[in-house]
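Copied over from TrEMBL:
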type	residues	note
TRANSMEM	12-31	transmembrane segment
TRANSMEM	43-65	transmembrane segment
TRANSMEM	85-106	transmembrane segment
TRANSMEM	134-155	transmembrane segment
TRANSMEM	162-181	transmembrane segment
TRANSMEM	187-209	transmembrane segment
TRANSMEM	241-260	transmembrane segment
TRANSMEM	266-284	transmembrane segment
TRANSMEM	320-341	transmembrane segment
TRANSMEM	353-375	transmembrane segment
TRANSMEM	387-404	transmembrane segment
TRANSMEM	410-428	transmembrane segment
Amino acid sequence: MPLFTSSDKALWRLALPMIFSNITVPLLGLVDTAVIGHLDSPVFLGGVAVGATATSFLFMLLLFLRMSTTGLTAQAFGAKNPQALARALIQPLLLALGAGVMIVLFRTPLIELALHIVGGNDAVLVQARRFLEIRWLSAPASLANLVLLGWLLGVQYARAPVILLVVGNILNIALDLWLVMGLHMNVQGAALATLIAEYATLLIGLMMVRKVLHLRGVSLDMLKQAWRGNVRRLLALNRDIMLRSLLLQLCFGAITVSGARLGSDIIAVNAVLMTLLTFTAYALDGFAYAVEAHSGQAYGARDGSKLLDVWRAACRQSGIVALLFSTVYALAGEHIVALLTSLPQIQLLADRYLIWQVVLPLVGVWCYLLDGMFIGATRAAEMRNSMAVAAGGFALTLFALPVLGNHGLWLALTVFLALRGLSLSLIWRRHWREGTWFARS
């Protein structure tokens with residue numbers, strides 16, 4: 001079987017731009033840290049870190065807006081149904097704007113709740129509050145951007161998601177430097193930079209969507225009627241994806257909490273190693289995004305042959321990339337760690353756990369791809385159930401911590417990713433064997 005078929009090329013056309021644009025996300029966090037880290041007090045950096053964590057948790061719970069939009073749009077695109085394309089845009093967009101406005105209106109009690117849960121140094125919490133009071137004003141734009149990104153990805157307009165992510169993040173970085181370093185606005189400057197960048201990205205996204213609507217034959221009358229119909233299905237789909245996201249967040253939160261109990265050096269080591277895992281995940285997610293769009297298109301067209309072509313191409317190409325990451329970490333992991341930290345004791349300790357960075361790409365790649373397959377088919381309930389099984393396995397493995405120490409924590413994460421992939425694979429095989437994959441999800 002050739003390693004580079006027409007399906008592989010189609011996959012790369014969508015995956016490669018998403019991989020490059022995904023890389024700008026950790027770059028933004030790096031610049032934020034560098035800019036705030038050069039201020040004259042560590043409380044500023046602590047405040048931004050707390051604020052960014054609270055924002056990430058809230059918006060990750062609402063990531064269903066992007067995922068469900070991609071699935072529904074890709075299916076409408078595959079079915080060549082312009083009315084469904086209009087509905088896949090307007091309904092999630094109204095939901096996103098409504099949720100964003102609610103966050104803005106109730107941001108004060110939400111901020112108080114978040115900071116109460118976090119606790120800690122009062123001076124840091126003061127800075128976090130200042131950051132969040134501005135940052136969460138961007139909620140309507142941030143959530144609407146998730147919908148626009150998902151819709152443009154669903155219609156396989158590959159350039160648009162790249163432009164949205166790259167331009168938005170570069171603008172954010174430039175404003176960060178100007179407002180924080182130039183105008184000395186401290187944490188408020190960092191928050192304002194993101195606020196402006198999010199609304200600018202929204203305007204760019206709307207212009208792109210307008211162009212694509214015309215190309216896909218979606219009329220103004222269709223858009224006016226698009227708020228009606230299938231709302232219950234959309235809400236059920238988003239509910240299940242949100243529950244899945246919550247379980248995912250809880251598991252990664254448990255990694256942080258459990259690591260903290262193993263000592264300050266382990267916290268530092270895991271932070272360094274998580275940087276490697278995050279970078280790997282962002283790269284492999286580019287393939288998952290491409291699979292979402294292509295599998296959704298095949299699902300909408302009820303084209304089983306195309307679906308299998310997409311799956312085989314995704315397995316080949318992402319498998320090669322995952323193997324490449326594992327090889328790099330096996331051969332050069334120690335040198336990469338040395339670039340991330342200059343502390344000898346952390347470097348020495350990190351070397352003991354590098355084996356997990358070799359294993360994780362090869363284990364995790366399959367659950368990323370299967371997530372994309374199930375999102376394209378909008379099978380959110382099965383994704384939720386799979387995540388529950390994986391979370392249960394993760395929790396049970398944590399009981400090995402007293403015996404295995406930090407190795408037990410990385411083992412739990414490996415089990416978590418493996419169970420996600422295994423359970424989704426079993427569900428996928430059952431549907432394919434019984435001929436029910438194209439049944440209404």
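Note: Cβ is positioned from N, Cα and C throughout, glycine not excepted.
The stretch in 187-209, 266-284, 387-404 that contributes the largest number of Cβ pairs under 8 Å to the transmembrane segment (410-428) is 387-404.
The stretch in closest packing with the transmembrane segment (134-155), judged by the count of Cβ pairs under 8 Å and taken from 162-181, 187-209, 241-260, 353-375, is 187-209. For the transmembrane segment (241-260), same-chain residues at least 6 beyond its ends with a Cβ under 8 Å from one of its own Cβ atoms are 57, 60-64, 67-68, 266-267, 270, 380, 383-384, 387-388, 390-391, 394-395, 398, 401, 406, 409, 412-413, 416. Same-chain neighbours of the transmembrane segment (320-341): 3, 268, 272-273, 275-276, 280, 283-284, 287, 347, 350-351, 354, 357-359, 361-362, 364-365, counting only residues six or more beyond its ends whose CB sits under 8 Å from a CB of the stretch.
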